[in-house]
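Structure first, commentary second.
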Amino acid sequence: MPSFAEARVDLDAISGNVSLLAERAAGALVMGVVKADGYGHGMLPAARAALAGGATWLGTAFISEALHLRAAGIDAPVLAWLVPPGEPLTEAIDAGIDIGVGSVWLVDEVLDAARQARRPARVQLKADTGLNRGGIGPVEWPDAVAALARAEAEGLVTVTGVFSHFACADDPGHPATSAQLEAFHRALDVVDKAGLRPEVRHIANSAAVLTRPDARFDLVRPGIAAYGLSPIPGLAVPGLRPAMTLSAILVGCKRALAGSGVSYGYRYVTERATNLALVPLGYGDGVPRAATNRGPVFVAGRRRTIAGTVCMDQFVVDIGEDTVSPGDRAILFGPGDHGEPTAQDWADALDTISYEIVTRIGQRVPRTYTGAVR
Ligand SMILES: Cc1ncc(COP(=O)(O)O)c(C=O)c1O
């Protein structure tokens with residue numbers, strides 16, 4: 001689909017990144033994390049590319065996302081780990097989705113749903129080992145484990161996994177990571193003593209896959225690194241290739257006099273007579289308004305900075321004495337091969353993380369795909 005803007009996604013890059021992570025996982029299985037529309041890359045193509053690269057599991061936040069994978073014919077094991085009240089548990093059980101049980105109230109709900117579905121629910125118990133977000137904490141853990149052990153003996157559930165999630169793995173050397181690993185081992189002991197033998201025990205996100213061999217267990221769950229972005233700002237990971245390139249055709253270019261205020265609020269004023277190029281992307285497309293006077297953009301063969309306020313649909317770039325023709329492209333970020341900024345450069349400029357930059361690219365921007373697996 002020809003369009004003035006596109007987020008081009010290199011699916012071979014995703015497959016290649018996943019195989020690199022599988023190598024790093026040294027025998028542990030890989031779950032490709034494809035929640036939030038595959039971190040903005042498109043959930044279905046990203047899932048297929050991850051599977052082609054050697055992932056054997058997929059991970060989503062919500063059951064609705066996992067059901068979307070099933071509806072598209074993807075039958076790999078899928079874990080959905082964030083289950084608010086009212087989620088379609090029976091449908092999830094029917095679809096063979098692993099339900100992440102990270103709240104005590106959910107245990108009974110899943111058992112009820114399994115009775116209704118008349119087949120065992122696949123359940124993975126989530127331990128809170130110190131993130132203090134989702135997951136069952138150490139106080140309630142023994143009872144939750146015992147309840148699920150009883151339910152498994154009754155044939156109501158199969159406990160397929162036990163997992164947890166790190167708080168500070170993106171800060172190598174942070175003491176919380178080792179403390180969480182110890183807590184995870186304690187949680188696993190309780191599971192073992194209750195007679196449960198889950199297929200997969202897992203805790204490692206991208207950062208841990210790359211820095212903590214002791215966190216591999218049976219499976220690792222990389223998200224951001226599968227999309228080619230380093231989970232640890234400042235840690236270059238040779239071989240990882242950013243999969244998304246965000247670009248737009250310029251609307252035009254015009255001459256402005258010295259002292260011209262540019263865009264809403266005149267937050268940028270030209271120092272001298274100059275050429276201003278107009279890029280048809282804005283916060284309605286996920287370009288943060290915080291990129292005002294900060295976001296890096298590649299236009300007319302050079303890297304520049306957004307001039308003035310990012311609007312809903314557009315922003316301006318001061319290209320000095322350079323010129324552009326209608327149809328020339330501005331590249332906001334990409335792999336960096338041709339001097340264009342990367343999503344990490346955007347994250348650095350905006351004091352955020354690359355996850356947010358790629359994931360927030362809106363639905364108005366068509367995704368186009370290159371690569372063998374579509
Ligand atoms: C439970 C869980 N596992 C794995 C991941 C993947 O994390 P990352 O993208 O840092 O690899 C996430 C992402 O937030 C997550 O919530």
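Any Cβ shown, glycine's included, is placed from N, Cα and C.
All TrEMBL annotations are machine predictions without curation.
Noted in TrEMBL for the protein shown:
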- LYS35: N6-(pyridoxal phosphate)lysine (MOD_RES)
- LYS35: active site, proton acceptor (ACT_SITE)
- ARG133, MET312: substrate binding site (BINDING)
- 243-370: domain 'Alanine racemase C-terminal' (DOMAIN)
- TYR264: active site, proton acceptor (ACT_SITE)
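Here MET312 (substrate binding site) is positioned 11 angstrom away from TYR264 (active site, proton acceptor), judged by their C-alpha atoms. Sequence-distant neighbours of MET312 (substrate binding site) (same chain, six or more apart, CB under 8 Å from its CB) are GLY282, TYR283, GLY284, listed in sequence order.
For LYS35 (N6-(pyridoxal phosphate)lysine), the Cβ neighbour count at a 10 Å cut-off comes to 19, with all displayed protein chains included. Across the domain 'Alanine racemase C-terminal' (243-370), DSSP helix (H, G, I), strand (E, B) and coil residues number 23 helix, 46 strand, 59 coil. Ranking the recorded positions ARG133, TYR264 by the number of CB atoms within 10 A of their own CB puts TYR264 at the top. Calculated from their C-alpha atoms, the gap between the residue listed as 'N6-(pyridoxal phosphate)lysine' and ARG133 (substrate binding site) amounts to 17 Å.
Restricting the average to the domain 'Alanine racemase C-terminal' (243-370) gives a pLDDT of 97.
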